[in-house]
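Engineer: Supplied in structure tokens, the structure appears directly below.
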Amino acid sequence: MNPEYDYLFKLLLIGDSGVGKSCLLLRFADDTYTESYISTIGVDFKIRTIELDGKTIKLQIWDTAGQERFRTITSSYYRGAHGIIVVYDVTDQESYANVKQWLQEIDRYASENVNKLLVGNKSDLTTKKVVDNTTAKEFADSLGIPFLETSAKNATNVEQAFMTMAAEIKKRMGPGAASGGERPNLKIDSTPVKPAGGGCC
């Protein structure tokens, strides 16, 4: 069997509603941007294949709803994620303050050694910026996780954010892991459905 990729990484985008998670995903996966804001309902995902260090890596990127009412649905997607990108809005202090809460969610639901990346989005809105780059960088450094400011609107650092995440995961997994597009990675999303029981509303 000759698979079309060497690695399959599942990434998760989390953060408050309205910080631009869907826009980041659209920019990275389709290189498009839209001003019209529609809240993600539950979970959406896109796939993009990248080349890194001579290897083909398939990124399965899950975009989660930020609203509290979807928290129980989205929490099941933490399981099996190789990397989680926590997004806040640089023009919204509350979304930055809530990063700690999102990191607690990761500790609660994700695997222990999952890779994390902190992203401050909407960096193009310089006049409205309230979260200082240095503050966020120091916070990320204290946790030992990478940090980037991005703009889905003008594409600043969007590519770099996802590539950084992929490189970190690849480094952690080492040369032998997840190669050959092994099937065990693909059954992750079929298991969390059962415990929920009688529907989600």
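One-based numbering along the chain as shown.
Glycine is treated like the rest: Cβ placed from N, Cα and C.
What Swiss-Prot records for this protein is below:
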type: BINDING; residues: 17-23, 33-36, 39-40, GLY66, 121-122, ASP124, 151-153; note: GTP binding site
type: BINDING; residues: SER22, THR40, ASP63; note: Mg(2+) binding site
type: MOD_RES; residues: MET1; note: N-acetylmethionine
type: MOD_RES; residues: SER76; note: (Microbial infection) O-(2-cholinephosphoryl)serine
type: MOD_RES; residues: CYS201; note: cysteine methyl ester
type: REGION; residues: 64-83; note: region 'Switch 2 region'
type: REGION; residues: 174-201; note: region 'Disordered'
type: MOTIF; residues: 30-45; note: motif 'Switch 1'
type: MOTIF; residues: 65-80; note: motif 'Switch 2'
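Describe each of these features in terms of where it is and what it packs against.
Structural biologist: Counting every protein chain shown, 22 other Cβ atoms lie within 10 Å of the Cβ of SER22 (Mg(2+) binding site). Classification of SER22 (Mg(2+) binding site) by DSSP places it within a helix.
Counted within 10 Å of its Cβ, the other Cβ atoms near SER76 ((Microbial infection) O-(2-cholinephosphoryl)serine) come to 17, all protein chains included.
Restricting the average to the motif 'Switch 2' (65-80) gives a pLDDT of 70.
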Engineer: Nearest to LYS122 (GTP binding site) by Cα distance: which of the recorded positions SER22, ASP63, SER76 is it?
Structural biologist: SER22
Engineer: Tell me which residues of the chain lie with their Cβ under 8 angstroms from that of CYS23 (GTP binding site), as long as they are six or more apart in sequence?
Structural biologist: TYR33, THR34, ASN121, ALA152, LYS153
Engineer: What number of additional C-beta atoms lies within 10 angstroms of the C-beta atom of GLY20 (GTP binding site)?
Structural biologist: 26
